[in-house]
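Undergrad: The following block contains the structure, expressed as structure tokens.
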Amino acid sequence: MTPQISRSTRVAGSIAAAALLATGLTGLVSSPAGAAPTAAGAQPLSLSASQRAELIREATATTATTADTLSLGSQEKLVVRDVIKDADGTTHTRYERTYAGLPVLGGDLVIHQAKSGTVRSVTKATSKSIAVPSTTAALKPAAAQSKALTTAKSAGAEKATTDQAPRKVIWAASGTPTLAYETVVGGFQDDGTPSQLHVVTDATTGAKLSQWQAVKTGTGNSEYSGKVTLGTTLSGSTYQLSDAARGAHKTYNLNHGTSGKGTLFTDADDVWGNGVGTQVQTAAVDAHYGAAQTWDFYKNVLKRNGIKNNGVASYSRVHYGNSYVNAFWDDSCFCMTYGDGSGNAAPLTALDVAGHEMSHGLTAATANLNYSGESGGLNEATSDIFGTAVEFYSSNASDVGDYLIGEKININGDGTPLRYMDKPSKDGGSLDAWKSTAGNVDVHYSSGIANHFFYLLSEGSGAKVINGVSYNSPTSNGSTVTGIGRDKAIQIWYKALTTYMTSTTNYKAARTATLSAASALYGGTTGAEYKAVAAAWSAVNVS
């Protein structure tokens, strides 16, 4: 471990629980001690896998002390999920919680700690104290399992099964913390996508408390990216689609199957595909290239060493199912999967799709935004934002950067994109601005609020042409928004996601998170960037 990566093992008790408890331990907690971070100091360090592992080890060694400092209950314990370190030595340590040995869903928190050991602030997923009258369930596990299967079947699931018994948890993501069962239902969704439907059931009353789909889907572009350079590995006399320079990312052929890894792509002369979607290697070329570009974007722009920041790659699977018109991220296999489109003739393996799907993995590794309600919309928007950023970063003449999602699919039959970031409602379903029922809207449509915010923050409102594409972005309050540029907007969103958002973050909390990120990165609350963030959120009715 190099000296500059060492983590202070002191959690400043001098700030004391009193200062933290005064705000209910929710949101951002002001600290009377410790200098505020500077703009340059707030930039995340690029950590090696071993440096990150050492930071996690050091944080794990002090979890009991940290829990005492936060005045957590005697039944509560902290489990370290991740640590991000800034250039000035500030650490942002993300924890999960347990209560009496049970996982607390919605109990995650982030401690922002200065190099000196002073706790600057704490961001929590819930402000509620974690306590339940008893951890003995009145409801039998079989009853919770039956209710979960009924929920899945009512949503059109096929071959719905539960491979594991329901697990007992504390549900704290909404309302009063409650003893509950979490059941995961497998099988397939109604469009052929694998299912991992999580259903949370009250362990006393049997009422359904929440449900969400763990397999994140996103539709993309079936066009290839032209002639590209691929990372491959020579094994004997055969080349493999295995990229040693990017965590050994591999691309596999499912050959229209729906389970397993498939077969690793190999080739005799290291010249892959022919640019035609029906040729078996072409989809693999696009998927492999998209994963490489996303990895490079994470490394060079976000200073992140892969999805989990540990130097380990995911893998890609192509030719999933028959005529499957979608792509998805599955955290259980840590992989991206792509269908071949209608008639198995148009693989959904474009650059922005790879960026979108891989970024579901990044979200899962950081804020882990629940994939339902407003947090689910933010989860989807994060993938759209980073997928768009990857497209711009790559500067590929065959797929130039734009603020359109799925622009080359023609899924509507008239050449229009799947989603628009400048005016999301143009797709006929997405929200341009927040409304009180946003949490009840499908996450692919409620994502429009954050997509619109990101466009306004990057480019501003009104009519303009970017890379040959015409945009005209309105505002819900009639204001004029001046953009700060895509590069700064990306840094603000990434810092907000990785250090200030939690599993339960909604749009109001996302506003707070991005304002905190802008303040840290760009000169405090008086800077143009901070004011632009506030203006862009106001323009989409978030205050």
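Each residue, glycine too, has its Cβ placed from N, Cα and C.
TrEMBL labels come from automatic prediction, so no person has curated them.
The active site annotation in TrEMBL covers GLU357. What TrEMBL lists as active site, proton donor is HIS444. According to TrEMBL, the domain 'FTP' annotation covers 77-124. Residues or ranges marked as domain 'Peptidase M4' by TrEMBL: 217-363. Annotation source TrEMBL lists domain 'Peptidase M4 C-terminal' at 367-542. Feature annotation from TrEMBL assigns signal peptide to 1-35.
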Undergrad: Tell me the residue counts in helix, strand and coil for the domain 'FTP' (77-124), as DSSP assigns them.
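TA: Across the domain 'FTP' (77-124), the residues distribute as 0 helix, 37 strand, 11 coil.
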Undergrad: Could you pull the average pLDDT for the domain 'FTP' (77-124)?
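TA: Averaged over the domain 'FTP' (77-124), per-residue pLDDT gives 96.
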Undergrad: How many other Cβ atoms sit within 10 Å of the Cβ of HIS444 (active site, proton donor)?
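TA: There are 21 of them.
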Undergrad: Roughly how many angstrom lie between the C-alpha atoms of GLU357 (active site) and HIS444 (active site, proton donor)?
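TA: Cα to Cα, GLU357 (active site) and HIS444 (active site, proton donor) are separated by 13 Å.
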Undergrad: For GLU357 (active site), just count the other CB atoms lying within 10 A of its CB, please.
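TA: Neighbour count, Cβ to Cβ under the 10 Å cut-off: 30.
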